[in-house]
Structure formats: C-alpha cells, structure tokens
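Quick look at what TrEMBL annotates:
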type     : residues : note
DOMAIN   : 9-450    : domain 'Major facilitator superfamily (MFS) profile'
TRANSMEM : 57-81    : transmembrane segment
TRANSMEM : 147-166  : transmembrane segment
TRANSMEM : 178-199  : transmembrane segment
TRANSMEM : 265-285  : transmembrane segment
TRANSMEM : 305-323  : transmembrane segment
TRANSMEM : 330-351  : transmembrane segment
TRANSMEM : 357-384  : transmembrane segment
TRANSMEM : 396-419  : transmembrane segment
TRANSMEM : 425-446  : transmembrane segment
Amino acid sequence: LTFPLLSVTLLVSFGSSMLYGYNLAVVNSPAEHIKAFYNATWSQRYGQGLGPAPLTLLYALTVSIFALGGLGGSLLVGVLVERYGRNGALSRSALLVLLAGGFMGFSRELGSPEMVIVGRSITGMHSGGCSLRCAQPCPHGSNLRGFLGLMPSIFICLGVFSAQVLGLPELLGKDRFWPLFLSVVVVPASLQLLLLHCFPESPRYLLIERNDVCGATKALQRFLGSPDVQDVIEEMQEERRSLSSMEMASVWQLLRERSLRWQTLSVAVLNAGMQLSGIDAIWFYTNTIFENAGIPVSQIPYTTMGTGAIEVVAGLIGCFTIERVGRRPLIITGFCAMGVCSAGITISLLLQAALPWMRYVSVACVVGIIAGFCMGPAGVPFLMTAELFTQSHRPAAYIVGGSLNWLCNFTVGFIFPFLQMSAGAFCYLVFCGVCLLVALYVYLVIPETKNKTFMEISHIFA
C-alpha cells in the first residue's frame, strides 16, 4: 500500500473506532450522577423516586441501548453505502452523532432521561455502521492484512482511554459536567465530517458499483500519488466483471451451505464469545466492579485510567505481533487469560474480607481481562471473518457475526447489574466458562489463517 492510501484508511478507521471506544466507556464514570438525575426527574414527574431495582433497570437500558443501535446500524450500512457511497454514508453517520450529542447535552436542562437513552441509541447506530467497514482487512496476500485488521481495536482502546481520562474528577467527572461529558462525541464527529470532504470517494466503489471510470481514475491518482494508475484500473475492471457474474449469497443461503457450516459456526462462536467474555461488563461498569472489590472511592477513577493505559499497550503488542505469531495463538492466549482472570476476580472477592490485600488482586485480574482481550479477541474475530470466506459469502458472514456481536453486547450490558446483584462474586464464573470454552473451540476447530488463501483454509476445514 502507498502512504497516502494507508493514511486515509487509518484516518477513517481512527475517527470511527475512537468514537466507538469512547461510547463504550463514557457511561462508566458518571453512572451515579446519571442515576441521581433519573431519580430526581422521576420524583418531579410522579411525586416519588425510583426504587433500587427500577433505577438499575433504567440505567442498564441506558448502557445497553447503545448495542441495539449498533445492531440497527450494522444492518443498514449496506443500503447506505450502496446509495450514498462510502464517504456519503460516513458523513451522514457523523451527522447522526451531532444529533445524538445535542440530545445528551441538553437532557438535564430539559429534564428528559429519554433524551439520554435516544442519544445513546443513535451513537450506537453510528458505531454499528462504521465498525464493520473499518474492521475489514486487506485482501489475501497482503503482508499488512493482520496489522490493518487489528488497528481498529487499537483505536477503540484509545477511545476507551480518552473517556477514562476525561472522566477524572479534575476534568469532566463532576456532577455538573456529565451532560457535557456525554456530548463530547460531537468533537471527533465534527472533525471526521470536515476531513471526509478533503478525500475523494472510494475508487473501488466508483468503478465497481457506479461504473464511473473517470471518477475512479481521479480518486486513485490522489490516493496513490501517481498519474499512472491504468494497471490498477484494469485490475478493478477485471474484478467488476468477475463480481457481475458472481451471485452474492444471502444470510439464509450461507446458513444452509453445508460446505461452509464449520466456517459459519466458527464466526458465530468467535463473535458471540468476544462479547460474552465479559469485556463489556468491565468497560460499562468498571467503577462499580472496583467499588465492590473494596478500592477506595477516591482512587477508583485513577485506577480505571491505569487499566485504560494498559489496554492500549496490550493492543499495540497484539497489532505488531500478529503477523509473526499468527491468529490462533493470540486469540487462544487472550481468551485463556480472560478466563483465568475472571476466576481470579471471584476468588479475590470471596477472600477480601479475610485478606484485605486481595482487593489489589481484583485490580490485577481486571487488568488481565482487558489486556488479554486487547491482544487478540478484540480484533481477530473480525479479521478471521474475512479470511474464512470468499467474496460471494463474506457480506452474509459479516451480517451473521456482526448481529451476534451486537446482540451479545446488549445482553451483557443489560443483565450484568442484575447478575451481579443475584450471584455476587460468582457472576464472573459465567464469563470464565465462556472464555475457556471459546479458547478450546478455537484450539480444536479453527486453523491458522496467516498467509493462507481461502482455498487452503477451506481444505483444512474439510
């Protein structure tokens, strides 16, 4: 890849993934302030406050509605790209974020918890529409396939870390600032909206989907920094001719295809396991987890920020080692580390009454879960989804994997507070079991895909 093309790829991925990561973690720091606002608003409307269970339910909906919006965005993105192009779809998606920021920013002034919930769902639509587009790696044969496939997970970690830093008491972590804290998403969305106008439309979209040879030529000349792009144009025209004779499989056809049954099952296991591993519970409810572990309240924001810094480092390690060690070792090691650390949290919580130093074991286990996730499970499932299927079945595979990903994200975000209240320390054993089972499945079933063509991968599965 040339430097201009690589720069544009990373720039678009950076903005969308940063927003995704920020929205994952932004509800953690102001949780108590948002609950207090909900309770006060309810009291003004109906003359009495909310009980603990209804308040937890309303807040869990606020947290998890982001994932339902993401599911809707991931299902709509194909229609938007087909109609408006990649740049057009990203621009309209950024406009949605500006609308969501307005809803959340003025929610307290207007006394409307509904505006927070609607704003969260809209930001989820943006993330759902952009995340799969940014996660798609280079074609087979590129030595940057793994590197670029994991770069979005680095940007997501940076977005999470940004939310943790801005959530410090010295910045936007105070009660009066939480609407502003939620609406900070308008800043990167505005920058993305401005920068997208500086870049031409995707050459591949212009030529293959719009048959605009002239537009594709001009766009390629800007991307590649060279006037001679005829060879690339001819390659894309050949691809267009091959795609025109290729029938794209639907989701139903993919699910019924016997020769791809193990690949489809593998995509389902990886994407569901990625969210059911408990990572979203960690990101959504970090402060609550640390509070239950006995960490002093004054130290929790800084402990949380420390975990964010470690996850960025872990993500970088995975990104720069994936082409050396391969996909399987990273994802197996990541899930095993998460499973062991989830069990460690349970043990430390059970023993912390007798052994006060166990609270630090809890912190170490949370760090281990995040580091294990960022090294492999954060990005490898999206990468392997592309590597396990040919172009004719890849869009349907992304729909299956993406839908399961968002549905499991919603499930964990919604039920974790209730699971924690009912099962206590033992709730983390559920995540431990999921992580170890996914690692065992990958070890037994999924082959290494590094430097392999689809035909080689298909033969191994057979």
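Don't overthink the numbers, they just go from 1 along the chain as shown.
Note that Cβ sites are derived from N, Cα and C of the backbone, with glycine treated the same way.
Because TrEMBL annotations are produced automatically, they should be read as predictions rather than curated entries.
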Top partner of the transmembrane segment (396-419) among 57-81, 147-166, 178-199, 305-323, 357-384 - counted as Cβ pairs under 8 Å: 57-81
Contacting positions for the transmembrane segment (305-323) when only residues 6+ beyond its ends and CB under 8 Å are counted: 25, 143, 145-147, 149-151, 153-154, 157-158, 160-161, 164-165, 168, 286, 330, 334, 363, 366-367, 370-376, 378-380, 450
Distal contacts, the transmembrane segment (330-351) - CB-CB under 8 A, six or more residues away: 270, 273, 277-279, 289, 292-293, 318, 321-322, 358-359, 361-362, 364-366, 368-369, 371-378, 380-381, 424-426, 428-429, 431-436, 438-439, 442-443
Overall pLDDT for the domain 'Major facilitator superfamily (MFS) profile' (9-450), taken as the rounded mean: 82
